[in-house]
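For reference, Swiss-Prot has these:
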TOPO_DOM  1-15  topological domain 'Mitochondrial matrix'
TRANSMEM  16-34  transmembrane segment
TOPO_DOM  35-40  topological domain 'Mitochondrial intermembrane'
TRANSMEM  41-66  transmembrane segment
TOPO_DOM  67-72  topological domain 'Mitochondrial matrix'
TRANSMEM  73-105  transmembrane segment
TOPO_DOM  106-128  topological domain 'Mitochondrial intermembrane'
TRANSMEM  129-152  transmembrane segment
TRANSMEM  156-183  transmembrane segment
TOPO_DOM  184-190  topological domain 'Mitochondrial intermembrane'
TRANSMEM  191-223  transmembrane segment
TOPO_DOM  224-232  topological domain 'Mitochondrial matrix'
TRANSMEM  233-256  transmembrane segment
TOPO_DOM  257-260  topological domain 'Mitochondrial intermembrane'
Amino acid sequence: MTHQTHAYHMVNPSPWPLTGALSALLMTSGLAMWFHFNSTALLMIGLTTNMLTMYQWWRDIIRESTFQGHHTPAVQKGLRYGMILFIISEVLFFTGFFWAFYHSSLAPTPELGGCWPPTGIHPLNPLEVPLLNTSVLLASGVSITWAHHSLMEGDRNHMLQALFITITLGVYFTLLQASEYYEAPFTISDGVYGSTFFVATGFHGLHVIIGSTFLIVCFFRQLKFHFTSNHHFGFEAAAWYWHFVDVVWLFLYVSIYWWG
């Protein structure tokens, strides 16, 4: 047995970054195959390998943090910096989509009819499903904060209730968004309006699904007493991510649905 004289976690070699990258390649290639050739086989393989990677990577992190005690205060500080930088990178990711939208809408070209929305496009009513979606996500922001406060105060039952409500609202948002896509009077192939609308709201929807998955993992961990009032970075990271998703939706709603 070796003894370390520092507070940092020397991670064992792991296959999950490689399998995660390969599954992402399969998913993006599968998406292109689905769009162009109506074949979902590659996409399904990518999704399956991605789910397997996520399950096993999360399992390893839970073992290292909760059961082996490798997540010392110094390690948690590094993880916090990592999560903050990740969220900043996500902000820049969505900035690109907003840039594309405003670039197209503030000075519409003659090909678009010199107006926005382009000629022939019938935009969705912002006071119907989009407003309900906004209410749902804002309510989920309140419930995740309730869960965090309950955890800090050691109130396990209220934490589980609030977390369950947040997950339910996240799933409800996803179903509403799917129904909106199904009923939309335009498609992703309807010029720059369709492209910017579906890519921006679609990537946001993907982030809601990722955030919901993150919260579901936290819910099951809390059922097994993994979190304490002073050792719960996994939940804290999920809450930060959820608030980020919430704020991005507000910008999407104001920009694309209401103004655009």
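Placed from the backbone N, Cα and C atoms, the Cβ positions cover glycine too.
Note that the structure is a prediction, hence the values are computed from the model and not measured.
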Of the listed stretches 16-34, 73-105, 156-183, 233-256, which one has the most C-beta pairs under 8 A with the transmembrane segment (41-66)?
16-34
Under 8 Å, at least 3 Cβ pairs, sequence separation 6 or more: does that hold for the transmembrane segment (73-105) versus the transmembrane segment (233-256)?
yes
Of 16-34, 191-223, 233-256, whichever stretch has the most CB pairs under 8 A to the transmembrane segment (129-152):
233-256
What is the three-state DSSP composition of the topological domain 'Mitochondrial matrix' (1-15), stated as helix, strand and coil residue counts?
0 helix, 0 strand, 15 coil
Long-range neighbours of the topological domain 'Mitochondrial intermembrane' (35-40), counting only residues six or more past its ends (CB under 8 A):
none
For the topological domain 'Mitochondrial intermembrane' (106-128), the number of residues DSSP places in helix, strand and coil:
4 helix, 0 strand, 19 coil
For the topological domain 'Mitochondrial intermembrane' (184-190), distant same-chain residues with Cβ under 8 A (at least six beyond the ends):
120-122, 124, 197-199
